Each structure stands twice: as C-alpha cells, then as structure tokens.
Amino acid sequence: MAPVSNQVGGHVAVLAFPFSTHAAPLLNIVCRLAAAAPSTLFSFFNTKQSNSSILAGNTSVLRYSNVSVCEVADGVPEGYVFVGKPQEDIELFMKAAPDNFRRCLEASVAESGREVSCLVTDAFFWFGVHMADDMGGVPWVPFWTAGPASLSAHVHTDLIRSTTSGGCHDEKETITVIAGMSKVRPQDLPEGIIFGNLESLFSRMLHQMGQMPPLATAVFINSFEELDPVITNDLKSKFKRFLNVGPLDLLEPPASAATTTPQTAAEAVAGDGCLSWLDEQKVASVVYVSFGSVTRPSPEELMALAEALEASRVPFLWSLRDNLKNRQLDEFLSKGKLNGMVVPWAPQPQVLAHGSVGAFVTHCGWNSVLESVAGGVPLICRPFFGDQKLNARMVEDVWKIGLRLEGGVFTKNGMLKSLDMLLSQDKGTKMKNKINTLKQFAKQAVEPKGSSARNFESLLEMTTTN
C-alpha cells in the first residue's frame, strides 16, 4: 500500500478499552494506518497497565514517529479497596472514562499543536459520538473487537428482548427475527442482552453501546465480508458505513503490533522452540490447545483435558499459562508420558498457520476463531463467557468448521470423542474442507482488490483526510 502523501497536520485520537484483549488489535490497526499516513499523528490512549501488557516484548511500535502512546487514568480512586464485585474494575473505569479521556485529549492537543481531526474508539465507548460532536463534529469511527454476529446481537438487543423467551420455555428456541442468526439460541448470547443483571452498569453500558453504531461515521471490524455475508449486509443497511478489514494477521504489510507477544525472555524462547518442534511433526497431526490470556478453566477441567490428551496419544502443543497450573496438573504433565509439548506461551497465528496443526482446542474468543480460519484449522470449542458461546454456535452450526464439547465442559471421555470425530472421521474431513474454503476467502479478501483491502483503504481515507 502506498503511503498517503497529502495528509498534513491531521490528528487521529484513538481511545482503547483496557480490558480483556480489546486494546492490542486496535493498536495493530493504528500501526497499519500510521504506516500508510506518515504525516498524520495518531495518539493512542490506554491505561498504564494495559499499555505495559501489550507493549511488553514488542517495541516495534516505537519505530513509528507518528504514533504517540499515551496514558489515561484507570478510574480507581486513591486508596480504593476492591470488594470482589463482578466487573468492578470495568465499572470504575467506565464511570470516570469520559472526563479522563477529555483531559488527556486536551493535553495531547496542547502538546502537539494539532486539533483532533478524527476520533477512533473502541465501540464500547458509546460516549464517543458526543465527544466527536464536542470537537466540532469530527468523524467518530468505532472499532468492534469481536465478530459481526455479536455486534448484530447488541444492535438488536431491544428486538431480541421483545421477541424471545430467553429459552425459558423452549431450549431449542432460535433467534429468527435477525438476519443470519436463525441457528443461534438465546442462551448463546453474551451476558447483558437477555441474561445476567440487566440493570448493572456494565449491562446498561452495553445497551447504550448497541444503540450508537448507526450514528457513527463508520464502524470497522476485524473480519471479512465473505465469512458472514448475510449479517454483514444487514449491518450495512443499518450503519452509514460498515467496514470489514481483516483478518488482520493476513494483511500486508505485516502488523508491527501483534495481538499477542511474549512477556518474558523465557516465553520468547518457548515460542521459538514450539515452532521448531512443529517442524518435526506430521502434516495435520498436532492438536493445539490454548485458552487465550484471560480465560481460566477450572482445575478439574484442565485435568480432564490432560488425561484425554494422554489417552489419545495424539501429538499436542499446549500453550498453558503458569497461573493456570496447580500441583496435581504440574505433576501429571511432568510424568513424561505425554506425546506433546507444554509451553507458557506460543505465537498463535504462526502456530495455526503451520501445516502440522490439525485441530485447535479453544475458548472461542474472536481473535482465536479468526486466526484458526486464517490457518485453516478446525476447532474444538469450550466457550466460557462474553461472545464465546455465540462464536462456538457459529463455528459448529453455521460455518460447520468445528464442534462444541459434549456437555459443554471438558471431560476425559467427551474430549476423546471430540478428538476422534475431528481427526479420524468423515465429519472431521468435511470440517477441514469447509475451513479451507473460508481460508481461501480470507486470503482473497486481503489481496489488493479484495473486500478487506478496499475497506481498509476506505478506513484510511476517512480517518486521515479531514
């Protein structure tokens, strides 16, 4: 992509949501935009803790002189004692976020001498539309970090609440009133739509957020149009612009801010070692296991998974965070009888793109699902929270590129059945064929004339030419 040369003095303010895995993909996109528009200043606002996490071991972002990484307060009052309430840290942050971001933006404008010309935010920041208006009506361009199905669910929250029973009367009830969601059941939806405490600050925030995308200059997402054409077309009809710009890991040039980076030297060594180990394995023979950076399966489920891997004798690569280990699991994994490799961290996009990997055991976070599609690797899904159950439903019943665990949790027998079905049966072969078709669509989408490449050009133009 040729750099944009006519951008002089533009200033794009980028507001990141500092929880879960929201901030890293947004910084990824900022670096791509910055590379293509070197005269535009990009100010990336995030909490100190989140910035430290996503920049640890990855200083390549610093090579962009037009990207300024800034800190915003986390909203926790001095001397505050956490009481253990669900989403307590998120609620504190969100209560203070509008004022904290405004103060940071004023300081950034004063320091740079450039007024903000475009506001890019995480889509969770529903107040972005008001901030953009207060800046003289600059474009507001929110980024949805999950998939199109979950965005559609939030946009249609009121319709869902008024037309479904929430599965209370019929467990097989599906959501037929929303385009592309006829296989989805109410119980698959993220908390805060029809389940959970709908009056909590977080649920009310999600509800407000779902009402704002039609007011945005554009909404962009890490996906590609060919994956969910029905949902994509429906959202296009409701938004001013809806831009699928992924999969980010396939876009050229390569991202300078990876969605996952090793946090320590030991993790970096482990990452290099597991790729060398994969080079020695047979094609499509390895089961890759990872639950991301946030999800915490129970000790009982982790033991059941380990026992199934041992009994199956299939080669496996398990990216297992140290904070998930316990004495029993550690002793089991140290017996030396397992036909695999356990590492504290793995370079997931590269692992899933490796020809020896034949299955992915995952929590079904959106980044993981999309990386699996880009690598052409079928999934075994054990979702936990957020959009993960919805993603798992799409994987199994809509795209037919994987399966959910029997009973919804890890058991030794259930996991063995899933491995056998995916690796040894005709159904698994069909899943592999379907995901390879999607993989080709994904590659075509990021080619120079592909849908995602064109959408990225549109995103670049609307964020840097004002």
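Including glycine, each Cβ sits where the backbone N, Cα and C put it.
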Problem set entry | Record-annotated UDP-alpha-D-glucose site (Swiss-Prot): member among Thr145, Thr157, Thr163, Thr164 besides Ala346, Gln348, His363, Trp366, Asn367, Ser368, Glu371, Asp387, Gln388 | Thr145
Problem set entry | Pairwise Cα distance for Ser368 (UDP-alpha-D-glucose binding site)/His22 (anthocyanidin binding site) [Å, integer] | 13
Exercise. If one measures from the C-alpha of Trp366 (UDP-alpha-D-glucose binding site) to the C-alpha of Gly386 (anthocyanidin binding site), what distance in angstrom results, rounded to a whole number?
Worked result: 10
For this session: Within 10 Å of Thr145 (UDP-alpha-D-glucose binding site) by C-alpha distance: pick out those among the binding-site residues His22, Gln87, Gly386, and say none if nothing qualifies.
Result: His22
Exercise. In Å, rounded, how far does the Cα of His154 (anthocyanidin binding site) sit from the Cα of Asp387 (UDP-alpha-D-glucose binding site)?
Worked result: 11
Exercise. Hey, how far is Asp122 (active site, charge relay) from His22 (anthocyanidin binding site), Cα to Cα, in Å?
Worked result: 8
